[in-house]
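Some notes on the structure that comes next.
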Amino acid sequence: MKASIYDFTLKELSQLLKPSFRAKQLYLWLYAKYKTSFKDMQNNFSKDFIAYLEQEFTLRTIEITHVRESVDGSKKYLFKSLRDNHTFEAVLLKMKDKKIDEETNAILEGEKYTVCVSCQIGCQVGCAFCFTQKGGFVRNLKASEIIQQALLIKEDNNLPIEKALNIVFMGMGEPLNNLDEVCKAIEIFNTGMQISPKRITISTSGVADEIPILAGKNLGVQLAISLHAVDDKTRSSLMPLNKKYNIECVLNEVRKWPLEQRKRVMFEYLLIKDLNDSLDCAKKLLKLLNGIKSKVNLILFNPHEGSKFERPSLESARMFADFLNSKGLLCTIRESKALDIEAACGQLREKKLSQQI
């Protein structure tokens, strides 16, 4: 089976292709011009070189099979692997962006885009509140399949080449259980799609053994920890992984995470009605995160088929956030984008091609 050209970093292609400058030319065609056929690259390459590329590599290995758009402008994408027909989802989040013109001080309004990518088909972690785990675990995604999610979404929305994207590994799967492919994808996002590591966030359920390995790679990405509870009993009931890596174990590794000045580790906290949304929980969370340069992102539980949990009121979420902010712990409430198309946090899963998304 031919390798996908999207699986190769710039360094790897430079070592593989002769002369080595061909690698940069090829990257330009792939990531700046969205070319999906080697024959479309004839301006730079000889017929012999194109024949070599066609013999050794393939290009697109996934395709968009369905798109569903939310009233807020967000879109949920169903992708299909062209190799094994398995499906997975990703989401484009569209938000308003305001900037101040340095010369005129005028407020400039625009739009910013975040792509929530998947790194696995299914998930091994088995969080009780997450719809992804109901489909079971199928396999890891390759770097090329991660990259193509963002590439195809950008192409589908006619976003200019120079339009910066934010990338969040918050789709299907646990990034630290597919760390090699995730790290390779991050390198390609940076050198190929020109996405700064500062615009990339890896969200983990807390695979503590892998956190120092990720830190040692010095990728410069943002780290987010899915905490969701303030005691081990509750967290273990929500996240079975906690029985192996409890709260103390995870926080010990987070304390060692290298932070740039002014940067913080994000803690994601899913608020579930009458389970972890009380003021007492907020007080315990404040104590847990003492000494960690952090911020808390509250997420109101997003309902899905078969779930026993309930979404808390916005009022209780605001009380929770107001308490933490009043004590100096930065806390925000995440806006539930794409809730109407079941593309919000915890609502993605593999679907059969006959299913509607």
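Placed from the backbone N, Cα and C atoms, the Cβ positions cover glycine too.
Computed from a predicted structure; not experimentally measured.
Features of the protein shown, as given by Swiss-Prot:
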type     : residues                                               : note
ACT_SITE : GLU89                                                  : active site, proton acceptor
DOMAIN   : 109-340                                                : domain 'Radical SAM core'
DISULFID : CYS116-CYS345                                          : disulfide bond
BINDING  : CYS123, CYS127, CYS130                                 : [4Fe-4S] cluster binding site
BINDING  : GLY173, GLU174, SER203, SER226, LEU227, HIS228, ASN302 : S-adenosyl-L-methionine binding site
ACT_SITE : CYS345                                                 : active site, S-methylcysteine intermediate
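Features as recorded by Swiss-Prot, highlighted on the structure.
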| residue | record | DSSP (3 states) |
| --- | --- | --- |
| GLU89 | active site, proton acceptor | strand |
| CYS116 | disulfide bond | strand |
| CYS123 | [4Fe-4S] cluster binding site | coil |
| CYS130 | [4Fe-4S] cluster binding site | coil |
| GLY173 | S-adenosyl-L-methionine binding site | coil |
| SER226 | S-adenosyl-L-methionine binding site | strand |
| ASN302 | S-adenosyl-L-methionine binding site | coil |
Restricting to the binding-site residues GLU174, SER226, HIS228, ASN302, which ones have a CA within 10 Å of the CA of CYS130 ([4Fe-4S] cluster binding site)?
ASN302
Whole-number answer please: how many Å between the C-alpha atoms of CYS127 ([4Fe-4S] cluster binding site) and SER226 (S-adenosyl-L-methionine binding site)?
10
In the domain 'Radical SAM core' (109-340), averaged pLDDT is 93
From recorded positions GLU89, CYS116, CYS123, the one whose Cα lies nearest SER203 (S-adenosyl-L-methionine binding site):
CYS116
Rounded to the nearest Å - Cα separation of HIS228 (S-adenosyl-L-methionine binding site) and CYS123 ([4Fe-4S] cluster binding site)
18
Sequence order is fine: just name those recorded positions in CYS116, GLU174, ASN302 with a Cα within 10 angstroms of the residue listed as 'active site, proton acceptor'.
CYS116
Fill in the CA-CA distance, LEU227 (S-adenosyl-L-methionine binding site) to CYS116 (disulfide bond), as an integer in Å.
19
